[in-house]
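The block underneath contains the structure these notes are about, expressed in structure tokens.
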Amino acid sequence: MAHSSDTIAPEHTGAHEHDDHHDHHIPSGIKRWLYTTNHKDIGTLYLWFAFIMFLIGGAMAMVIRLELFQPGLQIVDPNFFNQMTTVHGLIMVFGAVMPAFTGLANWLVPMMIGAPDMALPRMNNWSFWILPGAFLILLASLFMEGGGPSFGWTFYAPLSTTYSGDSTALFVFSVHIMGASSIMGAINVIVTIFNMRAPGMTWMKMPLFVWTWLITAFLLIAVMPVLAGAVTMVLTDKFFGTSFFNAAGGGDPVMFQHIFWFFGHPEVYIMILPAFGIISQIVPTFSRKKLFGYASMVYATASIALLSFVVWAHHMFTTGMPVAAEMFFMFATMLISVPTGVKVFNWVATMWRGSMTFEVPMLFAVAFIVLFTIGGLSGLMLAITPVDFQYHDTYFVVAHFHYVLVTGAIFSIMAAVYYWLPKWTGKMFDITLAKWHFWCSLISVNVLFFPMHFVGLAGMPRRIPDYALQFADFNKWISLGGFAFGLSQLIFLALLIKACRKQGEPVSSQVWEGAEGLEWEIPSPAPYHTFETPPVIK
Amino acid sequence: MSEQAKNNQKMVIKLLVIVVGMFGFGFALVPLYDVFCDLTGINGKTANSAAVYTPIEIDESRTISVEFITRTNTGMPWEFRAETTRVKVHPGELSTVNFYVRNPANKQIVAQAIPSVSPGVAALYLNKTECFCFNQQPLLAGEEASMPMQFYVDPQLPDDISFFTVQYTLFDVTGKGDKLAVKENPYLREQPESGI
Amino acid sequence: MKRLTNVLSIVLGTLPTFVFSFTAQAAESGGKAVSDLNLRPGVTEISGQVYDLHMLMFFICVAIAVVVFGVMFTSMYLHRKSRGAKPAHFHENVKVEIAWTVVPFLILVFMAVPAAQTLIAMEDTTEPDMTVLVTGSQWKWHYKYMDSEVEYYSLLATQQEQITNRFEKGENYLLEVDRPLVIPTGQKVRFLITSEDVIHSWWVPDFAVKKDANPGFINEAWTKVDEPGVYRGQCAELCGKDHGFMPVVVIAKEPAEFNTWMSEQEEALRKAKEEEQRLLAMNMSIEELMAEGKRVYNTACAACHMPNGEGLPGVFPALKGSPMVMEDQLAHIDIVLNGKAGTAMQAFGKMLSLKEIAAVVTYERNAWGNNTGDIVQPKDVNAIATGE
């Protein structure tokens, strides 16, 4: 493996591509994408889909922030406002973050473990192509009479059952499809990692991104079916006269929340564990030093995943629980901060006495570590039951989960895209645009989410279309930050379009000086078929 | 490669079993939740079948006051009130409270009363030997009834609980469910002279 | 040097928010006692404890952040390639790893102890001096004093014109109600909290009380307010369209003042009942009914059925031209009185007087071109309410 001195020298050996017996043509046009079973094509589809959903969900956030720019009702009515918050949440969680991670897994897992493709290529195709249908249904429901779902992405019964509109049926159907897609994706990842590793790629040699995704995939197949169960119960309660959540028939609305959060809390980790994996790939590269505490990273990830099954009720402290239960969920939740802390410390220790440079992926990674930690610390505060009574359902919570999901999950996805994009396209992306994207995003995202801590503490509830006057100043700032953050993503769009048109300087197979791993041993751009013959693992 | 494909298939089947199992588990959470509630008293749910009273020693050193709240849900026109809103009992002592209901509407309505106890833990020690809430209660137009609830408090009630509240909410369940055992309300009062 | 500026800017990137927010705050607050930046210490012993716990947690978190980020930024400064740093080769250290697992754990134990103590105190609802039943419904609160006949609804008092930006917004915009809950100071007041329809959450930040109102179930909370005053909060659980418009206002009065207030309420209640009886015997004029009906409609009905009676298609039905309104008068009175199970239509018999119901039904049957000419009198409503 030749170490090129810088990042942009073309690779001499780029000619020896593996596709000698794959000289049949890649089908072109729409058919290529519709029928593709190639993990790289599907990865690209997932990533573009996620990005489009990110822009649509973002546009809804813009509507929300526009309405909240000043007190009073001016742009939308409260009913539509609730639809926006609901669909924004659903799209960002199920349409942007999760498909983006699945896209990354598709691109990277086979390349990282030396496999020629995903284990189940045809299922891979289906799991992607049912996704646009699910979101078309969800978005179409907004145009129904009475509007789309307006009960929050958490769809608490009985607001989502007895008191919801007819579009609930479409909502349930679309969540079922999203769930099926995620489950198929997860099964594919697990089977690939179990059965397709190159000889010599032992468990403890797997890159952390693969490890975190493996654990995530197990979380997915464990909890997505529970979500499917929950929406099914909502459907039958609303349309078929059952009483799972209706006190009159012997049901209990609080039970909905138990079932939902039994899914919901692991879901939170589904959206952050792959991010931990990404950061654990990027930080060592740009520190030019091996990841500190590889084994403890793996164990920490696994223990976070296990703990995530026993903390769900910390989302429901105010529903009225016996003190003993409140204590249990408080302590269990606090405990999660230990393995999470271990991860942050490991990243810092990886940087320590390294030889750091700050290319764009590293900038995002560093921003991730700082801002995710802020979100983690506010999460620790939220775990403390007595004060959670004050924080619960205020903007403090909104600030918390946007720090972990936007500056956490989404920043990690952006870091990943910048890190591997040259490998995918064979060209270095436009670094100037990328830096603009980073700095604009970093500053605006903090103007957007940081003041939310203050309005939350001062007493502003979440999910309200209008607010008392003392919150006005901060909300103006938050909205301005929001618009700036939204616009900053257009820079990213421009950059991605340029990258997909293969503009830019050609790069070597190594791309980044300190990068290690199988994906950096194949040429850039990565050929359509890789590792037809398994690589030799050192 | 076919060896590989077989392995993959086996693994997919195993994983699908987990998926189906977890889907089932989602529904299993419903009865599990009830068990969990019975164990911990979450939500103050009480048992929905009669307890058997075996005469036990009455703990006269403690007096527990039990407060009753009656509510009717949206769409439920019945008058509903506890004839005694607060009773003082010794643990182990059997006592009865009557609840008055009247159906002012011009049609038959079937009601289901849903109990809720606060603090929730107390629900575990409230033993009802007879309750109108065990069954659906029908009333014809204009009928009224006095429905009893007989209970005793388990002497094991934790020391820090000296009183608790029992709420009954009446829901209109006309035409729903199959729990309606009787055509006529067993607790019916004599029809008032005036009728309808 | 360029790298250094990069590093510095990352630090600075997170700072401006702090800076501007504090300055914005200083310019605006102008002598208000309550911080717009932080949790409020509140006016009860519990809320004070909660505030202290919050500040303790906050400072521990800041300290952790300072240490972790401090080390990280130091490293980012010292160990840069452009400064000629050569990478070291260590990648594990068992002692250090054990230390940073155990130390955070000990910090957590240190946090957990006071948290558990406060929690136990908060959940101790025993031996209250008085009890109030708090019932949420779409989109108002209902208070019932358990030891008295007094009960009433508490609705948002902010004018619609302020919300739609036609009038200037008042000082307590969206945080004012027509009839606040009144409680005595220095007494342990227990709240039994429940709901008529969806889940609501009753929250008064100054008391550190937030409890969900679950339909069919009751929850408990309590407070003991030391200082008389007006305390404002809001519904904290998404409960539908007007979730943002159902504030909570509690007035704490000295016990003597409270008792005076209470007897006034009881007196008013008695008078209202007499008035109700008197009305049953007489007929109101259509003008009187329409004027009263319009007022009642705008406070009780317009949130869903809209001021123009057209409802929200697919969500709330229109009254304008509705068959029930146009034809079936008995069914119309019945649904207003008793509500409709399984829908958002509430039982207004609990909320409105016979006169108000008669007026609003008359109004609905004659407004917006529904010119049925029907006149409904209080006694007609009473007949349906009592089944006679």
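Backbone N, Cα and C atoms are what each Cβ position is placed from, and that goes for glycine too.
Under the heading compositional bias 'Basic and acidic residues', TrEMBL lists A:13-23.
Here TrEMBL flags A:33-538 as domain 'Cytochrome oxidase subunit I profile'.
Under the heading region 'Disordered', TrEMBL lists A:1-23.
Annotated transmembrane segment per TrEMBL: A:45-66 (among others), in sequence order.
Below 8 angstroms of C-beta separation, residues 39-40, 42-47, 49-51, 53-54, 56-57, 60-61, 64, 118, 124, 127, 131, 134-135, 138-139, 142, 148-155, 175, 178, 182, 185, 189, 209-210, 213, 216, 267, 270-271, 274-275, 278, 405, 409-410, 413, 416, 420, 424, 519 of the same chain, each at least six residues beyond the ends of the transmembrane segment (A:86-108), sit close to that stretch. Marked as transmembrane segment by TrEMBL: A:86-108 (among others).
Annotation comment: TrEMBL describes A:128-148 (among others) as transmembrane segment.
If you look up TrEMBL, you'll see A:168-196 (among others) marked as transmembrane segment. Packing against the transmembrane segment (A:168-196) from elsewhere in the chain are residues 90, 94-95, 98, 102, 105, 109-110, 113, 115-116, 118-120, 123-124, 126-128, 130-131, 133-135, 137-138, 140-141, 144, 148-149, 155, 160-161, 206, 210, 213-214, 216-218, 220-221, 224-225, 227-228, 231-232, 234-235, 238-239: each is 6 or more residues past its ends and has a CB under 8 Å from a CB in it.
Residues 101, 104-105, 108-109, 112-113, 155, 157, 160-161, 168-169, 171-172, 175-176, 179-180, 182-183, 185-187, 189-190, 193, 242, 244-245, 256, 259-260, 262-263, 266-267, 269-270, 273-274, 276-278, 280-281, 291, 294, 297-298, 301-302, 305, 308-309 of the same chain, all 6+ positions outside the transmembrane segment (A:208-235), place their C-beta atoms under 8 angstroms from a C-beta of that stretch. Taken from TrEMBL, the feature transmembrane segment covers A:208-235 (among others).
As annotated by TrEMBL, transmembrane segment applies to A:255-279 (among others). Below 8 angstroms of C-beta separation, residues 93, 97-98, 101, 104-105, 154-157, 207-213, 215-216, 219-220, 222-224, 226-227, 229-230, 233-234, 244-245, 297, 301, 304-305, 308-309, 311-316, 319, 343, 347, 365, 368-369, 372, 401, 404-405, 408-409, 412-413, 415-416, 419 of the same chain, each at least six residues beyond the ends of the transmembrane segment (A:255-279), sit close to that stretch.
TrEMBL lists A:291-315 (among others) with the feature transmembrane segment. A Cβ distance under 8 Å defines the sequence-distant neighbours of the transmembrane segment (A:291-315), meaning residues of its chain 6+ beyond its ends; these are 204, 208, 211-212, 215-216, 218-219, 222, 257-258, 261-262, 264-266, 268-269, 273, 276-277, 280, 283-284, 321, 325, 329-330, 332-333, 335-336, 339-340, 342-343, 346-347, 349-350, 352, 382-383, 385, 388.
Here TrEMBL flags A:327-348 (among others) as transmembrane segment. Under 8 Å from some Cβ of the transmembrane segment (A:327-348) lie the Cβ atoms of residues 276, 279-280, 283, 291-293, 296-297, 299-301, 303-304, 307-308, 310-314, 317, 321, 369, 372-373, 376, 379-380, 383-385, all in the same chain and six or more residues away from its ends.
Among the features that TrEMBL reports, transmembrane segment is placed at A:360-384 (among others).
What TrEMBL records for A:396-421 (among others) is transmembrane segment. Distant neighbours of the transmembrane segment (A:396-421): 47, 50, 54, 92, 96-97, 100-101, 104, 107-108, 268, 271-272, 274-276, 278-279, 281-282, 285, 359-362, 364-365, 367-368, 371-372, 374-376, 378-379, 382, 429, 434, 437, 441, 445, 448-450, 452-453, 456-457, 462, 492, 496, 499, 512, 519; these residues of the same chain sit at least 6 beyond its ends, with a Cβ under 8 Å from one of its Cβ atoms.
According to TrEMBL, the feature transmembrane segment maps to A:433-457 (among others).
The transmembrane segment annotation in TrEMBL covers A:477-497 (among others).
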Stretch contact, the transmembrane segment (A:45-66) with the transmembrane segment (A:477-497), Cβ-Cβ under 8 Å, 3+ pairs: yes
Segment confidence, the domain 'Cytochrome oxidase subunit I profile' (A:33-538), expressed as mean pLDDT: 94
